[in-house]
Amino acid sequence: MGVRGVFGLEDYVVIAGILAAFFAVGLYFRFTGNRQRTTAEFFLGDKAASVIPVAFSLMASFMSAVTLMGVSSETYVYGAQFAVINASYIIATPIAAFLFLPVFFQVGKVTVYEYLSLRFNKTVRLVASLCFSIQMILYMGVVLYAPALALSAVSGLDIDGSVLAVGASCTVYTALGGMKAVLVTDLVQGTLMLVAVLAVVVDGVASAGGVSHVWETAQESGRINFFNFDPDPRVMYSFWTLVFGTMFLYLSLYAVNQAQVQRLMSLGSLRKAQYSLVLQLPILIMLSFTTCFSGIVMYAKFKDCDPKLSGKIKSYDQVIFYAMMDVEVKPYKCGNFGDLWTGIILLPFYMVEALSARPGLPGLFVSGLFSGTLSTISSGVNALAAVAVQDFIKPFLFAKNPLSERTMARISLALSLAFGCASIALAYAARALGGVLAASFTVFGVVGGPLLGLFTLGMFFRFANSLASFAGTKMPRSSLPLSVAGCGNNSSVSTALHVSMPGFENQGIFEYIGSMSTMYYTGFGAAVCVLVGIVTSLATGGTRKTKVSDTLLSPLVTWLLPSGDEPVEPMEIGHLSSPVPENNGILFQKNSDSSIDITMKNSLLRDGEPEKSHLVFN
C-alpha cells in the first residue's frame with residue numbers, strides 16, 4: 001500500500017467536486033436534447049458546436065498532463081530551449097487549417113479514414129484505422145500514467161487507485177454525454193490547466209525573490225539557451241528539432257488525427273473550424289510558455305538542493321509537485337507492477353503559510369494537472385468509438401442489414417466504456433517507455449508519421465495510387481549543472497549529469513537513424529511514406545487509368561495544378577456497356593464500341609454507401 005500523504009479534507013473535496021461536476025455534465029447531455037440517440041449527436045454533437053469550446057478542447061487535449069509534467073521537468077534539467085517549439089505551432093497551424101482541413105469538409109464524413117476509402121481503397125482505410133486505434137490506446141495509457149503518478153505523490157493514494165479514479169471518471173462522462181460533454185468539460189479543464197501552471201509560477205517567483213532573480217539564476221546556470229543551431233539530428237533539442245521536427249508532430253495531430261479533426265467537424269462549417277483552429281493557437285502558446293517558465297522557476301528554487309540528486313524524488317517528472325509541496329517520494333511495492341512511488345509531503349514554512357490561508361489549493365492544483373489527461377482521454381475515447389463504428393462495424397458487420405441509429409448509438413456508448421477500460425489497463429505499461437514526454441513523442445512518431453505521410457500522399461499528389469499508399473505505409477543528452485550543496489545533511493556538491501555512449505561516432509546507418517532525436521520520428525516516418533509512395537506510383541503507372549476528383553485533393557494542388565474538367569452533376573444517361581471496376585472519384589473508361597463511360601461516386605455529397613452515376617458518350 002502507499003505511504004500516507006498530507007492531502008487535507010478540503011483537497012479531496014475540491015477534486016471530488018470537480019469530478020462530480022464533469023459527471024453531471026455527462027448526465028445532463030445524456031438526458032437532454034436528443035439524448036445521444038444518434039451517432040451524429042454522439043460523435044459530432046449534431047454539428048452545432050461553438051468556436052470557443054472547440055478551441056479550448058483542441059488545446060487541452062494537445063497540452064495533456066504529459067506536457068504539463070514533461071515540459072517543466074525538461075526545462076528544469078536541460079534549459080529553456082524547449083520554448084522554441086512554439087515557432088513550429090505558428091508555422092503548422094495555417095498548413096493544417098487551409099491545406100488539410102478543407103478536404104475533410106469536402107468529403108463530409110465522420111472519420112478521416114473514410115477519405116482514404118474514397119481516395120485509395122477500403123483496405124488502405126482499414127489499415128490506417130487500425131493503426132490509429134493502436135496509437136491512441138497506447139497514448140492514452142501514457143497520459144493517464146502521468147497524473148496518476150502525481151496524484152499518488154501528493155495524496156497518499158496508491159497508483160492503482162489514482163489510475164482508476166482519473167480513467168474511470170472521464171470514461172463515464174464521455175460515454176454518457178458524447179461529443180457535447182467532451183467539449184463542455186474541455187473548456188473547464190483547459191481553464192484549470194492554465195490556473196494550475198500559473199499557480200506554480202506565481203508561487204515560485206514569490207519564493208525566489210522576483211522575476212529578475214529567477215532570470216539571473218537561470219542565466220548563470222546556462223539555462224537561457226533558446227538557440228542551439230547544432231544540425232546533428234541526434235541532438236534531442238536544437239532549433240531544428242524543435243521547429244521542424246515538432247512541426248510534423250503538430251500536423252499529425254491537428255491536420256489528420258481523428259480526435260482533433262472530429263471536434264473541428266462538430267462545428268458544422270469549414271470557416272468556423274478554421275477560425276477555431278487559429279483561435280486555439282495563442283491559448284496554446286500562452287500555456288506552453290508558462291509551462292516552460294515554470295521549469296526555470298523550479299530551478300531557481302532548487303538550485304542548491306536538487307530534489308532528485310538528494311533522493312527526495314525518484315523522477316524529474318515529479319519535480320513540479322515537489323516544488324509546490326516539497327514532496328519526498330519513497331519506493332514501495334504494488335501488486336505485480338514492481339517499484340512504484342507514492343508521496344510523503346513535507347511542506348516548507350512559506351508553503352504551510354500559503355496553504356493554511358487557502359485550504360484546498362493543493363487539490364485545485366492537482367485537478368488542473370489531471371484536467372489535461374481528462375481532456376485527452378475523453379476525446380480519444382470518443383474518437384476510437386467513432387472509428388470502430390464507422391470504419392469496422394457498419395461496413396463489415398451490418399452493411400447489408402443496417403441497424404437503427406438508436407442501436408448504433410448504444411453500441412457507441414458501450415465501445416466508449418470499453419476503450420476507456422483499455423486505456424486504464426495500459427496505463428501501467430507507460431513506465432516501460434521512459435520519461436513521459438519522450439514516451440508521447442515515441443508513440444506519435446512511430447505511428448503518427450506514416451499516417452501523416454499517407455494523407456499527404458493522397459491530398460497533394462494527384463498521381464498517387466493505392467499501391468503507393470501501401471508501400472509507403474536518439475541522441476543521449478547532457479543535463480545542465482544541478483546541485484545538492486544546500487541540502488543540509490547531504491555532502492555532495494554540484495554536478496552535471498553527462499551521458500555518453502562509447503563508439504557513438506562510428507555508428508552504422510541504421511544505428512544512426514535509431515539514435516536521432518525523438519522529435520524527428522514523425523517527420524521521418526511521413527517523409528519515408530511519401531517518398532516510397534511517389535516512387536511506387538510512378539513505377540506502377542500512377543493514376544493514368546483513372547481520374548482523381550479535385551474534391552479529394554488539397555486546395556493548394558487544385559489551384560496550382562487544376563484538372564481543367566468542368567464540374568458534372570450526378571446523373572445517369574444512356575447505358576452502361578461494361579462493368580465498372582471499383583474505383584474512387586471519377587473514372588473514364590473507353591468501351592469496345594468507342595463510347596466512353598464516366599463513372600462518378602457521389603458519396604462525397606451524402607452519407608451512406610457510395611452511389612455511382614454513369615455518363616456514356618458515343
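In case you wondered, yes, glycine gets a Cβ from its N, Cα and C as well.
Over in TrEMBL, the protein carries these features:
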| type | residues | note |
| --- | --- | --- |
| TRANSMEM | 12-31 | transmembrane segment |
| TRANSMEM | 51-71 | transmembrane segment |
| TRANSMEM | 83-105 | transmembrane segment |
| TRANSMEM | 126-151 | transmembrane segment |
| TRANSMEM | 163-185 | transmembrane segment |
| TRANSMEM | 235-256 | transmembrane segment |
| TRANSMEM | 277-300 | transmembrane segment |
| TRANSMEM | 340-357 | transmembrane segment |
| TRANSMEM | 364-389 | transmembrane segment |
| TRANSMEM | 409-429 | transmembrane segment |
| TRANSMEM | 436-461 | transmembrane segment |
| TRANSMEM | 519-539 | transmembrane segment |
For the transmembrane segment (126-151): best-contacting stretch of 277-300, 364-389, 409-429, by Cβ pairs under 8 Å: 364-389
Any contact, the transmembrane segment (163-185) to the transmembrane segment (12-31), with at least 3 Cβ pairs under 8 A: yes
Best-contacting stretch, by C-beta pairs under 8 Å, relative to the transmembrane segment (235-256) and drawn from 12-31, 51-71, 364-389, 409-429: 51-71
Winner by Cβ pairs under 8 Å against the transmembrane segment (12-31), considering only 51-71, 364-389, 409-429: 364-389
